[in-house]
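Copied over from Swiss-Prot, here are the features:
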| type | residues | note |
| --- | --- | --- |
| DISULFID | 35-59 | disulfide bond |
| DISULFID | 38-88 | disulfide bond |
| DISULFID | 56-110 | disulfide bond |
| DISULFID | 60-112 | disulfide bond |
| DISULFID | 87-115 | disulfide bond |
| CARBOHYD | 80 | N-linked glycosylation site |
| CARBOHYD | 106 | N-linked glycosylation site |
| SIGNAL | 1-24 | signal peptide |
């Protein structure tokens with residue numbers, strides 16, 4: 001009998017931990033592998049009820065290809081592979097002025113395009 005109680009306690013503990021993890025990550029973020037696709041997402045910081053503000057969020061895939069020989073000759077440290085990164089950016093937007101003359105862009109369409117700002 002004591003053996004069954006231990007198994008039941010362990011099973012309930014594992015189930016509680018699993019349910020806790022499931023509720024910790026809202027909107028299915030826990031189940032999502034990698035990064036979501038590039039799309040519009042509501043910016044909860046600037047949005048007001050009835051006046052949502054959207055921004056582009058998500059990931060775009062980078063591509064890699066062999067470095068052309070003429071480019072390799074000009075490199076200080078020659079690389080065999082060249083990569084080209086793309087970022088999720090606004091394809092179209094409208095400018096909005098909030099309180100205190102704060103101007104922001106409300107994105108209306110997103111796409112993957114060349115990254116202009118890179119982290120160092």
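Using N, Cα and C of the backbone, Cβ positions are placed for all residues, glycine too.
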Fewest-neighbour residue among disulfide-bonded residues, criterion Cβ within 10 Å, set 35, 88
35
Using the alpha carbons only, what distance in Å do you get between residue 80 (N-linked glycosylation site) and residue 38 (disulfide bond) once rounded?
29
Quick one: Cα separation, residue 35 (disulfide bond) versus residue 106 (N-linked glycosylation site), in Å?
22
Out of the disulfide-bonded residues 56, 60, 110, give me the one sitting nearest to residue 87 (disulfide bond) by CA distance.
60
Across all protein chains in the structure, which of the disulfide-bonded residues 38, 59, 60, 87, 115 has the highest Cβ count within 10 Å?
38
Could you state the CA-to-CA distance between residue 112 (disulfide bond) and residue 106 (N-linked glycosylation site) to the nearest Å?
17
Provide, as an integer number of angstrom, the distance between the C-alpha atoms of residue 59 (disulfide bond) and residue 38 (disulfide bond).
5
Measuring C-alpha to C-alpha, could you say which of the recorded positions 56, 60, 106 are within 10 Å of residue 88 (disulfide bond)?
56, 60
Can you tell which of the recorded positions 38, 106, 110, 115 lies nearest to residue 60 (disulfide bond) in space, using Cα positions?
38
Using a 10 Å cut-off on Cβ-Cβ distances across all protein chains shown, tell me which of the glycosylation sites (80, 106) has the largest neighbour count.
106
Look up residue 35 (disulfide bond) in the DSSP assignment and report helix, strand or coil.
coil
